[in-house]
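The structure appears below as structure tokens.
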Amino acid sequence: MMDQNQHLNNSTEAQPSRKRKTKCCNGFKLFFAALTLSFICKALNAVIMKSSITQIERRFDITSSVVGLIDGSFEMGNLFVIVFVSYFGSKLHRPKIIGIGCLIMGTGSILTALPHFFMGYYRYSKETLINPSENSTSSLSTCLMDQTLLLNTTSPEIVGQGHEKESVSYAWIYVLMGNMLRGIGETPIGPLGISYLDDFAKEGHSSFYLGSLNAMAMAGPVTGLLLASQFAKMWVDIGYVDLRSIRITPRDSRWVGAWWLGFLVAGLLSIISSIPFFFLPSSLDKPQKERKVSISSHLLKTNEEKSQTTNLTNPRQKLTEHITGLIQSLKSILTNPLYMIVLFLTWLQISSFIGAFTYAFKYVEQQYGQSASETNMLFGMIAIPTISIGMFTGGYITKKFKFTLLGFAKFSFATSLVSFSFHLLNFALVCESKPVAGLTLTYDGNNPVASHINVPLSYCNSDCNCDKNQWEPVCGDNGITYVSPCLAGCNSSSGNKKPIVFYNCSCVEATGFQNGNNSAHLGECPRDDKCKRKFYFYLAVQTVYHFFTALGGASTFMLIFKNVQPELKSLAVGFHALTIRALGGIPAPIYFGALIDRACMKWSINSHGKRGSCRIYNSILYGYTYWGLMDSLKFAALILYVVLIFTMKKKLQGKDTKASENGKKAMNEANLESLNDGHSVPPARADGETHF
């Protein structure tokens, strides 16, 4: 009977313990699921922004450097709160802070899409009036000797009544603010989420959960690129205009897809991902294997209580100690030569990566004539899986061979050198500029021009009264692109019948082309077969390059905090992140964009007469500028790798020499003591062994 009562008491006591354990596990699983969704949304937002860069540039009629500023605003927002989050985040309710961050991130994405709803319909040509109920090609001006420029006959009243409002000049500021807000919201998700995960995971399981989190987060970039690919096919004003009235195709340099849909989807998902965090506790009780409280933990708790009492009695002294300690710690890492070399070389590498990735989609569109939809799909199918495999393989290699600090540096240098070598092949894959009359050729198409600026009219179009600012490209039967039907000297067209064809083009005839009827069809001429073949080689080179770059990623990260004292690891990683964001994430897209703008041959002109977005680039100058800037940064990083390895070896040799000197000194002292005691020590042989 007594045993039965004891058994009942034990089961009664075990029941609350089992409940607490189940509650703890359920709370942790819920947090992990919510954090995974937030990481997916974070990556989804980032990819949607990067893949929409070209669409935003065209929609708001802005230059690449301004788009670079918009892209860098994310890092600005991040910098505003990173110090607050790093210091106060762990002291507050972490799940709720993460939830608020997801909410702000979603709001930022929705704010980014907001300008679409008050800007009116998109005009892909200054002379184009898109009417939802009409299908017209009346704005396509042909060569008529008595023609009055359409630009002069289109009154502001007609523009206003044509269901079209001019793009607001500074509406892109909303996109910048939305992206900045997204940066603010995203800041607490990573550091607070991972620290919470590490605190309440079972002992030894943190790395498993962290690896699973990063693996599942890769669904974000893949989903983002697939969504961006589909939205890029849709017309920006889908649902508001008659799509039959749209004359251009997704391959046209003026095409703008439904860029705003991606931000709405990502924003709504981010807001949904915030909900579970508001129902999670500030801390979870770890499951107890045994109901024992160790003496050491009790003493630790007592010491903490005493420390808290001391802090309350003298808060000013504690604050002074914190500031002094922070300054000393910063001084320690900033005077560490190995850490500083790693900081500078990773800054160069990441600046190269950020600038390149920001304009990678645009480069493929302009260089190889791919549409935005096709480009997004290709990056989703090739780049993301390759980077994932490279990161996994790199992590496995570092774990398998258990590299020392010098080993990490050598492996990282080797992978960077291989990826750099493959990257140089991109210079050979740059395509020739398209033959465009008035930009690369004379208007009669017979001679190249030294400069694309102010190319004089030819006898074939000098009497046509054409507007040189108009960009309505047509492709002649001779394979030459003309800026407009008027500048091609075309006298008639097929009207509304698609595909739209223009006939009796005097400038096409002037080239002596005999196998056609001197006609031209709407749109730029496609790339030649040689450039198409280069595109497939480009995909192969990018696959190998991304693999080797990702392969050394884990080793490079290990170098960041392995070069400092253990107690300074967190500060070293935090200072590194802060520096990279401030000096890499913000300026890189801006100066990459500014240099790319220099390769533009034809700018759009907005209603205020100012320069808008670029219509066509000098392919050779664009390619050499793009790859040259990247490889310059990468080459400088390789030089710093050599300096790093040399400095590490010198430091190790110094330690060995010091250890050897200390050993000799100890031996001499031992010999002296033996002599003083009246004993003799046997002489040492040349091989280092003692001879008896």
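Cβ from N, Cα, C; glycine included.
If you look up TrEMBL, you'll see 31-651 marked as domain 'Major facilitator superfamily (MFS) profile'. The feature domain 'Kazal-like' is assigned by TrEMBL to 454-509. If you look up TrEMBL, you'll see 672-692 marked as region 'Disordered'. If you look up TrEMBL, you'll see 28-49, 69-90, 97-118, 215-236, 257-279, 338-364, 376-397, 403-425, 535-561, 626-648 marked as transmembrane segment.
Tertiary neighbourhood of the transmembrane segment (338-364): same-chain residues 50-51, 53-54, 57, 64, 68, 71, 370, 372, 375-376, 378-379, 416, 549, 556, 559-560, 563-564, 572, 576, 579-580, 583-585, 587-589, 591-593, 596, 622-623, 626, 629-630, 633-634, 636-637, 640-641, 643-644, 647-648, 651, selected by CB-CB distance under 8 Å and a gap of 6+ residues from either end. The list of residues near the transmembrane segment (626-648) in space but at least 6 beyond its ends in sequence, with Cβ under 8 angstroms from a Cβ of it, reads 337-338, 341-342, 344-346, 348-349, 351-352, 355-356, 359, 363, 405-406, 409-410, 412-413, 416-417, 420, 423-424, 426-427, 430, 559, 592, 595-596. Counted over residue pairs 6 or more apart, the CB atoms of the transmembrane segment (28-49) and the transmembrane segment (257-279) come under 8 Å in at least three pairs, which marks the two as touching. Below 8 angstroms of C-beta separation, residues 36, 39-48, 51-52, 55, 59, 116, 122, 243, 246, 250, 256-262, 265-266, 371-374, 376-377, 379-380, 384, 388 of the same chain, each at least six residues beyond the ends of the transmembrane segment (215-236), sit close to that stretch.
Counting residues of the domain 'Kazal-like' (454-509) by DSSP class, helix then strand then coil, yields 4 helix, 10 strand, 42 coil.
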